[in-house]
Amino acid sequence: MSITYLFNCTQGKCRYESVHFNRIDGVAKVLGVLASVGGATIITLYKGPVIYSPRLAFHQEQYLSMMGDTPGKDWNLGGIYLFGHSLCWSGWIVMQAFVLKKYSAPLTVSAFTCFFGVVQFLTLAAFFEKDSKAWHFNSSGEIYSVLFSGVVTSGLASAIQIWTIGKGGPVLASIYLPLQTLLVAVMASIIFGEEFFLGGIIGAFLIIFGLYLVVWGRSQETKTMKEVIVPIDSKNHWEERTLPTFAMGEELDTEQQEEMMERSYSQTMQIDPKKARFPCSIVWSPLPVISWFIPCIGHIGICREDGVILDFAGPNFVCVDHFTFGAATRYFQIPKEKCCIPLDQSAYNGEEHYTEGENRGDLRTWDGALRKSIEEFQHRSYNLFTCNCHSFVVNNLNRLDFLSGGWNVVNLAIFILFNGRWVSRASMLRSILPSVVVFFLGVAFGGFTFLKFWFFFTSLLIGWFLLGTYCFKNLIQL
């Protein structure tokens, strides 16, 4: 917890926590952190006289004697591992705060965390665990422990923790960690019959006192803050561009006007990967973990006429000019003549394509069609399997009537796979190399077990989108 606090106070411009030593709230937060850490340390290292000594039942004593002492214990190595765990855990907590700032969907972040954790666990297990009997349950207690770890520890606790980080910051979430030490001491005394010492009482008092100080300091800091952080407006601000104007009385013939307009149009349609500008294009980037196993699946977005990338990144949230999973590695620039909006024409070819409340005046330009899709997806929930970034791009392409419409998530993925251009050789390596390395390492260490897992994972994911697109028409939203 103290490491998390230090991380947040030493991140420069990106820090999430500030300390004002000349104010009472800043002093309270520092003293609260020190008191909580000190209390957890006292519970662990200092015993003192016995305060409570429980008497165990006969079956509990038998169970504890059967457990015995763990062989091969190394307290020095264990301390190093615990410090490394605290360091990694603190970094992970702080990283979640940055993720939630850009991607304000705590439940989706929790789902992604659990999903990628399962994928990484299965990959490592395929490498290191050769005995198939290790996957068998030997007792009902093992089943209950697995269910508890999955539902409560990984699912419920992770979701609540991420929600807390998004609302109050990483320090508020980690400040309650010393309570874990206190609860472990109490439960160990009740379940395993361990004696409760004076050090536990002192440590418990310091932990509770420290928690109160930190929470009180945060509340006082909120009251005295002069700068109010205003969230980004849900409305997207669009830059209106016009053709060059000329002085009064200046006359240009038709050829000069057409040449001027063509030059201006060609300049606005230039691709600039360094500035992440891809005018009137579809862009693609690989997904962590998923693209390592299935390289053809990735994150996708569509660009405005000025090249700014738009991608559906979370519930009721369309990300503008910040591609969610890093720089685009592939793109396809859409020729406007292939759509039904050559410059100033309507976005749809026929009144039957309009939804209720839309008219031709609202969809006179490329950006106008994209604006309509954004307004729609700002009221949609995000789901990796039923309403994702592909759904958003498909919605835009059907509004633009690109290649006569009829787009879905499957033919869009196939289209960008065979027609997308690589931004650079480095981007091609970034997209392909991880999947090649994972595949060869998996075959080398996991053998046939890895191939079965890879085939099952690929078939399950691709099969879902095929069934959802062509068999169950309303399953995947467009």
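Please read every residue number as a count from 1 along the shown chain.
Placed from the backbone N, Cα and C atoms, the Cβ positions cover glycine too.
TrEMBL lists 26-46 (among others) with the feature transmembrane segment.
The domain 'EamA' annotation in TrEMBL covers 77-215.
Feature annotation from TrEMBL assigns transmembrane segment to 80-100 (among others).
What TrEMBL records for 107-128 (among others) is transmembrane segment. Within the same chain, residues 96, 99-100, 154-155, 158-159, 162-163, 288-290, 293, 314-315, 382, 384, 438, 441-442, 445-446, 449-450, 453, 457 sit at least 6 positions outside the transmembrane segment (107-128) and bring their C-beta atoms closer than 8 Å to a C-beta of that stretch.
Annotated transmembrane segment per TrEMBL: 143-164 (among others), in sequence order.
Positions annotated as transmembrane segment by TrEMBL: 171-191 (among others).
Annotation source TrEMBL lists transmembrane segment at 197-216 (among others).
Summarising the annotation, TrEMBL assigns transmembrane segment to 431-448 (among others).
The transmembrane segment annotation in TrEMBL covers 454-472 (among others). With a cut-off of 8 Å between Cβ atoms, the residues of this chain six or more beyond the transmembrane segment (454-472) that come close are 119, 290, 293-294, 297, 385-386, 408-410, 413, 439, 442.
Taking the domain 'EamA' (77-215) as a whole, pLDDT averages 74 in the prediction.
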